[in-house]
Amino acid sequence: GPHTCSRLAVSKDTSSDNPFCADCYGRPRHCLSEFINAAYGVPVNASHSQQGPDYDSNIITLTDLHNPHNLTCWMAHRGTDTGEWVLTVPLGRRFEITYISLQFCHQGEPSDPISISILKSMDFGRTWRPMQHYSSDCLGNFGLPSQTVAQTRHQETEPLCSDPRPLQKQRGGMVLAFSTLDGRPSSPDFDHSPTLQDWVTATDIRVVFHQLSKVAKAAPLALSDLQVGGRCKCNGHASRCRRDDTGRAVCVCEHHTAGPDCDVCEDFYFDRPWHRATPTHPNPCVACECNGHSNKCRFSMEVFQQSGRHSGGVCQKCRHHTAGRHCQYCQNGYTRNHSKPLNHRKACQPCQCHPLGAVGRWCNQTSGQCLCREGVMGLRCNRCAPGYKQGKSPLRPCIRKFTATIYAKEESRKRAECVSYCQPSQVKVRMNLETYCLKDYVLKVQVRGMERSGPWWQFSISVQTVFRTGSTSRVRRGPQSLWVPDRDLGCGCPALHVGRTYLLIGAEEGERGWGPEESRLVADRSTLALQWREHWSPKLRGFRGKITISCPDAQWLHTTPLALAYVVSFKIISAVWLA
């Protein structure tokens with residue numbers, strides 16, 4: 001070629017064992033499988049329209065070694081001068097056909113009218129489409145004008161019809177040769193024309209001799225050779241096509257492609273979509289970048305588009321505690337070991353967070369910094385911060401160093417904040433019918449457990465008695481969840497302890513950002529939580545029995561004599577509760 005490699009370049013290792021599919025620098029390049037007679041040695045099936053299928057099958061005289069000095073002819077049977085003869089050649093795989101030639105046994109130009117069709121199948125004989133018609137009367141026999149050149153690009157993948165005479169004369173007889181690309185406008189740009197590539201692709205070839213001469217003394221149909229010249233369809237990714245154990249021709253794929261036609265990418269080479277190779281773009285399949293931590297990946301078109309059509313491989317089953325699209329991150333609980341390269345099997349090391357000083361085992365991917373509890377510091381959360389000392393609780397391993405004066409001032413400040421935060425009614429309870437009726441529920445509950453959930457505490461309670469619920473309430477006896485804000489619980493409004501039983505008087509929660517279907521039972525600073533006393537039960541039940549109507553509105557409370565009686569009754573009960 002015009003560019004030659006130096007001796008130094010030639011000595012370099014190449015990425016391909018096939019010198020035709022890579023240059024001397026090891027760079028992939030477009031390659032073609034060898035040109036062969038795809039019909040050689042293939043048994044031909046010959047059938048006659050009036051004699052039924054398989055009339056004369058497995059003919060090999062048409063496809064054996066052609067010797068002009070010792071012709072082996074196949075001759076149509078006597079008495080079949082009318083009707084159609086159909087010759088079918090199964091090629092066994094996809095080929096890109098360049099030409100199809102028929103050599104007749106007789107030496108002279110045939111004087112009888114010729115009417116021949118050449119068809120192809122791309123699906124191993126299930127369907128057929130014509131490629132070319134030959135006739136001295138194209139319009140009469142096939143309804144097509146006689147032409148040898150497609151007039152438009154749309155017509156170039158349609159069959160043409162022409163008079164084949166004069167036939168080519170070769171040693172041993174006259175030859176009818178059909179070139180698949182002659183007269184096709186896009187043939188100079190074949191490597192970039194998917195329509196033409198599809199046009200020349202075939203798995204089977206069929207030649208039909210239409211309505212032979214009815215003249216009694218006409219020479220019978222006699223053929224000495226049938227050739228199908230072409231290449232295994234390897235899409236520019238193989239230069240050899242060999243027989244496998246079943247005798248089927250398969251491409252010896254290069255460029256990390258695979259499949260019988262080199263039409264898919266080899267496993268793990270999914271970083272880019274598969275493309276046919278062209279002389280200007282060999283389009284090899286590219287390996288996924290997994291930094292040596294995985295040997296399995298998949299292709300993602302979405303990732304490929306987002307990368308500017310540069311890379312679409314996504315690694316799967318990352319090993320060595322790595323994670324991420326390229327196995328470039330460490331799993332939770334692991335951090336980068338900067339003393340090792342990213343592709344080292346020990347590139348990620350455990351976080352080694354202190355079990356008491358750290359919250360969980362998570363740490364920063366880059367720095368390895370663990371998430372420390374309050375008052376704890378250090379990369380691994382293994383020592384107390386300034387102003388803190390070691391505590392006795394595993395939940396608070398480090399506590400503040402308070403002097404007596406500082407501690408008293410801090411406690412006094414917190415108490416003052418809580419008093420102003422909690423509603424006055426929690427400091428001194430005054431219960432009446434108005435308070436009762438403005439609440440959504442009056443419940444007797446037992447606290448079973450509690451768990452922190454962000455800015456809330458979730459209490460597991462058992463509702464033992466429902467004295468009152470609002471019209472929209474869903475509270476029922478049995479297990480329930482009660483949600484208390486962290487600040488409210490810290491100030492003791494309400495004060496709830498696991499294992500104790502309380503009388504709760506409060507409002508259901510529906511306006512704290514939860515959807516209607518997520519309505520929750522909430523106890524906050526507006527909720528009355530009174531430690532239960534057993535002698536309250538009959539009085540509450542009796543009072544509930546006296547109210548036969550729903551709670552009145554505020555105006556009703558202040559205008560009816562009956563309401564005043566209820567207010568007095570509740571004040572008496574309230575006094576008993578607080579005793």
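Each Cβ is built from the backbone N, Cα and C atoms, and glycine gets one as well.
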### Message
Pick from C370, C372: the cysteine that TrEMBL pairs with C353 in a disulfide bond.
### Response
C370
### Selected from C372, C384: TrEMBL disulphide partner of C381
C372
### Query
Going by TrEMBL, which one of C330, C363 is joined to C351 by a disulfide bond?
C363
#### Entry: Sequence-distant neighbours of C363 (disulfide bond) in its chain (C-beta under 8 A, six or more apart)
G333, T335, C351, C353, Q369, C370, L371
### Query
With DSSP, how much of the domain 'Laminin EGF-like' (351-400) is helix, how much strand and how much coil, in residues?
0 helix, 19 strand, 31 coil
### Query
How many Å separate the Cα atoms of C398 (disulfide bond) and C372 (disulfide bond)?
11
#### Entry: Nonlocal neighbours by CB distance (under 8 Å) for C372 (disulfide bond), same chain, sequence gap 6 or more
G357, A358, V359, G378, C381
### Task
Take the C-alpha atoms of C327 (disulfide bond) and C384 (disulfide bond) and report the distance between them in angstrom, rounded.
36
